[in-house]
Ligand code: DAH
């Protein structure tokens, strides 16, 4: 056997035995690469005499062509096998059922806010907003808080660092009532708004978190009285809890920004370890409300002899817990996806009064 025939046999065997595209590439480099065995033979042709070249040339070129062809064929075979293996491994069984349930969901607080917005929108209320960081004027002074009122004290309010130039200390708003002030100062009556948003207080226990949510309401017009307030809130609460009507009482209370002020309670029975509305002798406090204090109207540039109005404010998280049976407040703000998978709502079911709220 000639040297060429031996080399060809070795190379063809090596090509045949290559088990992967990478192993085949090694064989190719050893034969046809820059310093490969076949390349060496091709280079050697330059030093041959014309006669030798005429004889050897076709044999060496033939060897190169057959080796190249064998490599190309083997490469195609290996690539097809690798693709097959991948297709097998990545196979998807389309007959399997779809994944059972989404992980995320709309948080009950946001769900309830959307429900409240839908109900009040139907009664002609617009949505107003204000900043989470407020100044003393909007959060307290304009709302008729006396200078030494305890709510201004450190234990209730988160104060920011004083401004180095003015010494003014901004606050994280302790309620959504400053949006009343912002609205009255920027609009002329008639005004009919609700203001949902985040509120902050230095308070943390089983029923309080330092951040929570409120919805504020404000109506200002020429002949607004307590009757409007009662009907609006009773209608809203009945619809919110999906009841035909609600048995409510308005218990006198005190807020600096309303006169008279009241808290609204609804009749309930808690005796069976369960909360049932409209029966029993218990009362559940739902919200604070009242007629806007003349001082507040004046502070906001509205003439109290011409206009009156009512306002109300309620805790959204607490109403979400009551409506949807969430037992504990604190996990509401833990951002635990398991909790949300249990208590969350579908993002595709936007609440509206016509098709149902939840
Ligand atoms: N701002 C009050 C609070 O956070 C709630 C409130 C009570 C708002 C009576 C009102 C209102 O608008 O009229 O406790």
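Any Cβ shown, glycine's included, is placed from N, Cα and C.
TrEMBL labels come from automatic prediction, so no person has curated them.
Annotation comment: TrEMBL describes 64-93 as coiled coil. Sequence-distant contacts of the coiled coil (64-93) (same chain, six or more residues past either end, CB-CB distance under 8 Å): 8, 11-12, 15-16, 18-21, 24, 27-28, 31-32, 38, 42.
On the 0 to 100 pLDDT scale, the domain 'Aminoacyl-transfer RNA synthetases class-II family profile' (119-331) averages 94 in this prediction. Residues annotated as domain 'Aminoacyl-transfer RNA synthetases class-II family profile' in TrEMBL: 119-331.
Residue 259 (Mg(2+) binding site) falls within a strand segment according to DSSP. Among the features that TrEMBL reports, Mg(2+) binding site is placed at 259.
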Same chain, |i - j| six or more, Cβ under 8 Å of residue 259 (Mg(2+) binding site); the result in sequence order is 290, 291, 293, 294
